[in-house]
Amino acid sequence: MAQKYFGTDGIRGKANVFPMTPDFAMKVGMAVGVLFRSQRQSRRVVIGKDTRLSGYMLENALVSGFTAAGMEAFLLGPVPTPAVAMLCRSLRADLGVMISASHNPFYDNGIKLFGPDGFKLSDEIEKKIEQLIDTDLSKSLASCAEIGYAKRVEGDIYRYIEYAKRTLPRDVRLDALRIVVDCANGAAYKAAPRALWELGAEVFAINDAPNGTNINQKCGSTDLASLKQKVHEVRADVGIALDGDGDRVLIVDEKAQTVDGDQLIAVIAEHWHKTGRLQGNGVVTTIMSNLGLERFLNRKGLELVRTNVGDRYVVDAMRQKGYNIGGEASGHIVLSDFGTTGDGLVAALQILACMQESQSSMSHLCKRFEPVPQILKNVTIKNKNVLKKNQVKTAIDQATQRLGNEARLVIRASGTEPVIRIMGEGDEREVLDAVVAEMVDVIAHHDALSKVGASLEGS
């Protein structure tokens with residue numbers, strides 16, 4: 001059953017529009033605070049945010065809710081999402097909160113929740129929180145003497161920087177490397193350039209001047225144009241693109257060519273397999289990862305396990321299988337030797353370590369496999385249940401049969417936007433084009449019929 005407020009990556013929406021309003025955020029703080037206060041000991045919550053203007057509003061609202069429930073709030077300020085997960089553990093907090101909409105534009109925002117172990121909360125706990133949100137909590141709040149307090153914590157970003165630096169093998173330095181890092185005007189604008197510089201690299205930071213509205217604006221992992229231009233301009237060895245909250249990374253090689261998350265996973269998995277660091281003889285990715293990655297890993301005798309989209313599902317599968325590498329083509333890369341969630345900076349450091357240890361260029365290192373042709377289309381919809389219609393289901397089944405066993409068709413509703421994502425993948429491009437175009441028309445047609453039906457019912 002779909003959850004009421006939580007999507008694939010927490011609660012998300014447009015700032016000052018439900019559910020990203022201050023009154024609702026305060027209710028979330030109350031509900032989460034009441035639940036965790038009753039189960040835990042420290043009653044401590046750490047709260048981080050990215051650089052969106054609305055972060056201030058939501059931070060204050062959440063603090064009001066948490067303190068009303070008797071929780072002590074430690075405010076980290078702008079930090080990457082993985083820093084919240086890491087500091088949640090090191091500060092012995094019961095809960096971690098990240099205020100961010102990740103790679104989305106500045107006008108969106110969201111609330112991500114982490115448990116005391118640094119892992120994102122389970123669906124079961126999120127459902128309990130939703131039930132509490134819809135409950136009158138006035139009798140469950142703290143007494144006057146037990147109201148919590150809020151404290152702004154200074155300097156913890158440097159704890160995260162040191163943590164990230166320690167993930168690099170001791171005998172590896174970045175001396176003489178020219179690195180461009182695109183901070184997306186986001187949460188990693190301090191941490192990423194500083195860590196790379198302290199490790200010896202010559203660093204060129206771009207999009208590192210957030211103003212509240214320029215996060216992810218023609219920059220970062222969703223728009224590599226400015227990074228490619230800078231890599232070419234300064235003749236860099238590598239370009240690193242992070243997203244707004246620092247949990248994704250894409251790479252641009254010295255030829256200004258894009259390296260996506262699938263290729264990065266292949267590089268790390270192959271290197272760790274050779275050096276005996278790969279656990280469980282496999283890797284976890286999502287249904288959106290390229291078939292070429294699966295074929296590459298299979299040739300190495302490694303298994304590829306696919307999950308639904310969302311790094312939380314990747315992490316769940318990694319824990320179940322005992323694997324220490326997982327990720328998504330979009331650049332979420334989870335390395336459980338180091339952390340509990342996607343970490344763009346740490347993943348980039350592991351790629352740089354592979355590059356230094358192999359003494360090869362980034363373009364050579366990151367060409368591990370030839371991607372299978374893949375087409376991705378988004379259909380904006382009004383009816384989120386359009387995929388449940390029998391006619392649509394039948395059309396999807398027929399299209400899947402038409403593609404055959406050596407190709408894939410993945411159609412899913414986005415967990416963060418009102419769109420249906422259609423991905424076709426296979427060796428025969430013409431067939432793919434036809435099938436994907438057909439499915440775009442089918443879904444758009446039946447969504448339009450839903451709108452007509454709804455208007456007739458309301459007339």
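Keep in mind that glycine also has a Cβ here, set from the backbone N, Cα and C atoms.
Within the same chain, residues at least six positions away from S102 (active site, phosphoserine intermediate) with a Cβ under 8 Å of its Cβ are D9, T81, G110, D243, G244, D245, D247, R248. According to Swiss-Prot, the active site, phosphoserine intermediate annotation covers S102, on the basis of sequence analysis.
Taken from Swiss-Prot, the feature Mg(2+) binding site applies to S102, D243, D245, D247. The DSSP secondary structure for D245 (Mg(2+) binding site) is coil.
For the recorded site, S102 (active site, phosphoserine intermediate), the DSSP three-state label reads coil. Swiss-Prot lists S102 with the feature phosphoserine, giving sequence analysis as the kind of evidence.
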Residues close to Mg(2+) site centre defined by S102, D243, D245, D247, Cβ within 8 Å: D50, P80, T81, S100, H103, G186, A187, L242, G244, G246, R248, G342, G344
